[in-house]
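Database features, via TrEMBL:
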- LYS454: ATP binding site (BINDING)
- 5-129: domain 'Bulb-type lectin' (DOMAIN)
- 243-328: domain 'Apple' (DOMAIN)
- 426-720: domain 'Protein kinase' (DOMAIN)
- 368-390: transmembrane segment (TRANSMEM)
Amino acid sequence: QDQSFNFSDFPWTPSQNKFLISSNKVFAAGFKSIGSSANLYTFSVWYYNISGNNTLVWSANDDSPLTRNSSLVIGDNGELRLINSSGQNLLPGQPSATGNRNSTRLVLEDGGNLTYGNWQSFNFPTDTILPNQTMKTNGTTIRSNNDKFIFQNSKSLVFNSSQYWATDNPFLGLESSGKVVQANGATLVSSDFGEPNRLRRLKLDSDGNLRIYSFDLRSGEWEIVWLAVQEICTKKSGDNSSCEIKIPLGENTKFLQLDYVNFSGGADQSNLKVQNFSMCRSRCLANPNCLGFAFKLDGNGYCVHQIDRLLFGYWSPGTEVAFYLRVDKSETELSEFRGMTSLLETTCPVTISLPLPPEESDTTTRNLVIICTLFAAELISGIFFFWGFLKKYIKYRDMARTFGLEFLPAGGPKRFTYAELKAATNDFSNLIGKGGFGDVYKGELPDHRVVAVKCLKNVAGGDGEFWAEVTIIARMHHLNLVRLWGFCAEKGQRILVYEFVPNGSLDKYIFRSTPVPSNESLAQVPNAPILDWNIRYRIALGVARSVAYLHEECLEWVLHCDIKPENILLGDDFCPKISDFGIAKLRKKEDMVSMSRIRGTRGYMAPEWVKMDPITPKADVYSFGMVLLELVSGVRNFDMQDSLLDNSEDWYFPRWAFDKVFKEMKVEDILDRQIKHCFDNRMHLELVDRMVKTALWCLQDRPEARPSMGKVAKMLEGTVEITEPKKPTIFYLVDE
């Protein structure tokens, strides 16, 4: 362990087990073996005594591994050289001494920068950018470790010469607080922005995504706190992921509609500005090389023609695009990509089909007597048979249930017995919450883990079906989702076991003067601190990302159906975690209809719930928009009118907020009075302005006018421009 390396030192070889350490003991530099190989090395910089010394941040020779007889030397002319077995110098930039060669040293600075004279490793990044490392807008390019992906000129992600993500303003660097500064002065903020005692790095991973990682010194783990590509399906695979036409099209063609499908680039495209759908369609028909076109129903005339081949195709609700594939008119096969109707009927059902009443019969009185007599005889026989069957069924029912659940696949959620959960919760005595899905109790498992035990009401299906749905929910892993640890399906009970989130729900922190509805969470947070603007912004961004994950990234897309502050729990460092996601899949269909049409949460239901329109992911977007306004104002949306002493019959919270932001230009009138005095710098102004404008886009009357949750997250991050939305009209749910 040395502080520096200079001319007087012996040549440095991999076998010496020697390395440099920064003065703050955060970074180390030296020869590092590659993977499991003990004979191949890179000369690298890594985090010292963190993650097993395996988190590399820079390497001089990723493409050309070194053998044991390689060395780092300072020549007679003062040049620092990394010599391989063939005598080649693998250090980039030809580092040389400044002045006396004996006084020039190779030093590892506290920020992870390796310097020698005027040379520094920060000028030759590999796949990682460290805090305070300057990025040149016209020259800084980093590559993923597998050399497949490039972050080019500090602003665009590229695969095989095809751009798949970009920002208009190049990155200038990552600050230690978790903020990325851009060329126009704008900033991108990580979800843990401003938290102390964190080590952060910006890395282009081998899957092509650009992420900010944050190391929590208390937990000893790296966490993802920002990422560029929100939708996993939009990342590219290889060149072979293309569709080419094999049979030439005839003169008579038609278009097959593929909802939520897009082909994102790489092939020849023609971007047009058209007035309507018919013009986009007719222009494609006029071009014999046009294989189809993408069209977005957003009123902006978005029309893209695909020429000669289709490359990088994917399906995701976040695209907001329908693709129209050109086929021969004789084609009779129907498209399977027709929206999410079948999915929504299972995850968030809203309709019931009832059988028609039977037609009147001409049955005579004599026939009725004969039929009733035969029916009575059959009924009596059936009763005796059923009584005998029931006695045997009751005897073997619990044995069958236990036997069937003993063969659950490994890696799934843990199955608890009712007795175990009864003991863990002290006979279900510590009630911490009540809601539409059931009661929640606090408990402690034998391994001392504190859990939240939710006893569900009116659950559909048998044990096997219940377990199948619970397994799907348990596979949903996201930083901002409450983790499901296990379940119980015994003696008619349906119970879910979650991680316990210590800080309670969001409503306790922002609605200090507002009484909590009687059917909501009972847990109180004594002396709850006031959440500042940075924390509120992190909460908004975390919730947006987790709902986008449910809508667009899960193997099974899931609607939440009940986004509100009571279902947003706050963990350590006030990291938000959404609860009750996926539970709508477990409810009986008639109970879901009752909840959505009669007992829906006032103030958070989208207009389509009441208007009996089809329910899409945009219903969750509306609910999130209302929560976003409440985060800023600190008042429940249906109590805001009383706090303003406004008795107008046509008063509507989103409409009032729209006038304040876009007409009166007084966004400060919306702010929570408890922390209004903290609204004192440009950063707070940008955060709040972004939150309010994003909320107003989420609260548009028509679902198709609202952005997807993936786009909402990008709007909050500041990676897309937020234009002025239409003014929301009046909508409210009257109490029953």
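Each residue, glycine too, has its Cβ placed from N, Cα and C.
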*Which numbers of helix, strand and coil residues does DSSP report for the domain 'Bulb-type lectin' (5-129)?*
9 helix, 43 strand, 73 coil
*Around LYS454 (ATP binding site), how many other CB atoms lie within 10 A of its CB?*
23
*May I ask you to report the DSSP-based helix, strand or coil state of LYS454 (ATP binding site)?*
strand
*Model confidence over the domain 'Protein kinase' (426-720), averaged pLDDT*: 79
